[in-house]
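J.: Annotations for this protein, taken from TrEMBL, read as follows:
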REGION    A:1-30  region 'Disordered'
DOMAIN    A:43-171  domain 'Methionyl/Leucyl tRNA synthetase'
DOMAIN    A:282-463  domain 'Leucyl-tRNA synthetase editing'
DOMAIN    A:752-786  domain 'Aminoacyl-tRNA synthetase class Ia'
MOTIF     A:760-764  motif ''KMSKS' region'
BINDING   A:LYS763  ATP binding site
DOMAIN    A:835-949  domain 'Methionyl/Valyl/Leucyl/Isoleucyl-tRNA synthetase anticodon-binding'
Amino acid sequence: MAYKFQSIESKWQKKWAKDKPFKAKQPHQFKDKPKPPFYVLDMFPYPSGAGLHVGHPLGYIASDIYARYKRHKGFNVLHPQGYDSFGLPAEQYAIQTGQHPAKTTEVNIKRYREQLDKIGFSFDWDREVRTSDPNYYKWTQWIFSELFQSYYDTKDQQAKPIDQLVAQFQAEGNSLVNAACDDEVSHFSAEDWKAFTAKEQEQILLQYRLTYLAETEVNWCPALGTVLANDEIVNGVSERGGHPVMRKKMKQWSMRISAYAERLLQGLEQLDWTDSLKESQRNWIGKSVGAQVKFKIKAHPDTIEVFTTRPDTIFGVSFMTLAPEHELVQQITTPEQKEAVEAYIKETAKRSERDRMADVKHITGVFTGAYAEHPLSQEPIPIWIGDYVLASYGTGAVMAVPCGDQRDFDFAQHFDIPIPNVFQDVDISEAAHGDKDQTIIANSDFLNGLNVKQAISKAIERLEKIGAGQAKVNYRLRDAVFSRQRYWGEPFPVYYVDGLPKLIDVEHLPLKLPEVEKYLPTEDGAPPLGRADVWAWDTKNNQVVENTKIDHQTIFPLELNTMPGWAGSSWYLFRYMETEQRDEVFASAEALEYWKNVDLYIGGSEHATGHLLYARFWTKFLHDRGFIQVEEPFKKLINQGMILGESALLYRWNYNSSDKDKNIYVSKCIIDDCIRKEDYLINHSDTVSKQIYDTTQNEMITSTKVSLSHFTPIHVDVSLVNTSNELDIEAFKKWRPEFAEAQFIKNEDAKLIVSREVEKMSKSKFNVVNPDEICEQYGADTLRMYEMFLGPIDQAKPWNTAGLSGVHNFLKKLWKLYHNGEQFEVSNQTASKESLKTLHKTIKKVTQDIEDFSFNTSVSTFMICVNELTQQKCQHREVLEPLAILIAPYAPHIAEELWELLGHSNGISHEAYPQVEEKYLVEDTKTYPISFNGKMRFTLDLSLDLSKSEIEEAVMKDERTQKQLNGRTPKKVIVVPGKIVNLVG
RNA sequence: GCUCGGAUGGUGGAAUUGGUAGACACGUUGGACUUAAAAUCCAAUGACCAUUGCGGUCGUGCGGGUUCAAGUCCCGCUCCGAGUACCA
């Protein structure tokens, strides 16, 4: 009987949809003691309009294999899926077409679901979530409210309700308060607090809340009237339209994630994540220990604060650099320097932060004319501004020590600023000296002769004594901006009374997105929600009403910004845990208690520092406030690598005839040939020169020797090219109207060859391969196994459709094992020792591989197993039954079908996983590689019982050894029993 | 720039973590079956040299080092990918 994968797969997919064998049980649904829980989660997809390509399911297949494996191992597995359905692309599409993003999102989700269903995932779809669903974002808004109503107690290292802070203010003011807050908080007493107006109190509280309003810099594009992501800016102008972009301050919601910096850092220790990923997060959090130092400004009341990790080099300060955006710049600049400074600020406003960080070769800066006073030597220090200092980084100012920091060194050299040397016996004429280990401080008054460590503590001690600074731990992690000037995101449950934010009570949530006419910002630059006519909050009736009713008495304007993409994805893992009470709670205590957190999380490494840090932050916050028990969301995490596409590039000849542009494409073979021979195209061959004359109508060609610059590579759809890189010319002409009249210069055999390039799979590069087409042609089981077979899960690898046949053939061979010709047939007799050895070898290796997430090697192991069993003509139930279970996580459809044929009616997905029996695996001999000076010359089979000397004796006795030695006596014989023998000399 | 990865045959990759480099596939070549094709099966396949056979040299991005033994460990580079705070 042939392996009819199509009917098998659709049969089982229907059955699974009906019987729901993958439905996870809530603890109370067990009659007896609940099974142990296991939670396997994928990073949920953004449902884009392009649909899934073969790269997307890679991680889902891996997690599905693991989830199915854990079911066989007796766990109650939670393996859900959903959609991160708020996002920019849907909004962009809405702007272009006027269609409501909810509508297009719905369509895209439907397509995603169809595609996912064809791959045979064991998702529990009853638990699906969508971040754009009001019933979901009701709880995102709720978490926002809780953050607003919380502050961070730095002494207890924990978030607490803001009421507790208010009580403390009332009792003793804020001087003794240990709480994370804005930089500029002034001190007040209990009496002061009581005397403040409600508005003043509210303003102060906003400086402590875990989500707060603050002025933040954004990329403002005046022409588009909107804020752009760094991503949307290419070469300093907007990607869409090429308009200028500038940095601008804007009042926005921020999240006080910096309060959690230390705990986010410490928490990494207990996580089962890769070291590289943890290292990324550590670097992102960027803890550094040093000192905060105050520099007085000459003839000015203000001081400049800097953070430095090297207070030991403080006597090496020869200038200071402020970020051009630093708030003091305007105030301290002298009249003579005003013009230059302003011009410079204007220039830097055009550069993105990333440009400024990346560009180290270009040294720019301007002297402000002002001087600071060195806190220890009282020397005047010139104050410069330079764009290598970022406003958002530390205090936005640095004390420049050119002898110890390369960037300061370069800056000083470029502007001819002195470079005082504060290191003993170190040459700093060429470069700064960054080394700390062997360094002794010199030319530094009371620090002379000390090593770096001693000098740091001594310098801090002195600075503290004179009130010019103190020891400080600094984090690179900044508070996260939480406002987006977009339509398609969660609305803030916030309205404004007298310019101050007020929360909508939780019982009135969700606050649903209003209808707007257009999804663009308003003419005066307000976010799209500014276009809504019904977007005001009636505090009496607790409902959204028309803007015209705003009276600032009981009816107030609502917030116009929406939340960013990471809001909904920072807590979704907890939502999946809940089933019945989704209206009442974000997740019930019972569910949270049972499922706890994610045991295995799989997704792309591009989320290493964004999503994964934010989700950890929210989890810690929810924990602090007692809503959940766990402190970390994801116990174990695996990154899947990207699957790359193989683009097809067709070469267009840059040939301009006198009358018009010609549309001529040249076979890549001909181009390569000519380049290699350093020849003219026309000389290539008779057939080619004839084609050239035909296509150019005998026009004179004044061409140079061929080089690649004479051609423009264009991406053509990979479906128009076969595996031998040959273009289907007729299909190409029909592909797009501009190619209908195209002409071609082909090889002698009339073939037109394109070149291939491996790059990111994307619609714009026409190199996308759809999983549903693969399922159609080869089946989901083949797709699943092939995706795993491609290589290690965490590595990027190119997709090559041609390779599918290998895996497909394997499944056919597997099918054949259970059949005799057209007939299903297995034997109930005892299997051979050999076959049992094959089986148990396979169980051992595959189990180990699953635990190690080495899925590619387990597919090879299955192939070896089936090859061996075929060779052995093994048809025994004793072997084939466990084999079906073993392979079920990888190829579930064929496994279910075989299981049924084997006479079972209850489905395979909860069958117990086979156990290895070591007795079948015992070896008594080893094929030893016999090496001479490290080079393997021959192998020798020896019993594993032999001692070292017995092995040596056997090797020496072998005539091949004598031949290799050629009469010499080896200096040394290394014998590693069970491994190798090496003869030296 | 900074941070984190990666580099092994024509291709994807394997190698029990220092012990037979190239498992398993794809591709290619040759053969069987067939009127033919497809499908299937068998054989060969890192490069070079030698060949009647035996065999030999080189070889895991590049340059050094440690070791009886290095794809694996150490030092110094090159190139490619990802992230870099408003793409998701």
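Cβ atoms are placed via backbone N, Cα and C, with glycine included.
Caution: TrEMBL annotation is automatic and unverified by curators.
Walk me through the surroundings of each of these features.
T.: Across the domain 'Leucyl-tRNA synthetase editing' (A:282-463), the model assigns an average pLDDT of 89.
Per DSSP, the secondary structure of the domain 'Aminoacyl-tRNA synthetase class Ia' (A:752-786) breaks down as 17 helix, 7 strand, 11 coil.
Counting every protein chain shown, the number of other Cβ atoms lying within 10 Å of the Cβ of A:LYS763 (ATP binding site) is 12.
The domain 'Methionyl/Valyl/Leucyl/Isoleucyl-tRNA synthetase anticodon-binding' (A:835-949): residue composition by secondary structure is 61 helix, 18 strand, 36 coil, according to DSSP.
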J.: In the region 'Disordered' (A:1-30), how many residues does DSSP assign to helix, to strand and to coil?
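T.: Here the numbers are 18 helix, 0 strand, 12 coil.
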J.: Taking DSSP states H, G and I as helix and E and B as strand, how many residues of the domain 'Methionyl/Leucyl tRNA synthetase' (A:43-171) are helix, strand and coil?
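T.: Residue counts in helix, strand and coil order: 71 helix, 13 strand, 45 coil.
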J.: Mind checking which residues reach the motif ''KMSKS' region' (A:760-764)? Cβ under 8 Å, same chain, six or more beyond either end.
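T.: Those are 50, 53-55, 642-645, 715, 799, in sequence order.
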J.: Taking the domain 'Aminoacyl-tRNA synthetase class Ia' (A:752-786) as the reference, which of A:43-171, A:282-463, A:835-949 gives the largest number of Cβ pairs under 8 angstroms?
T.: A:43-171
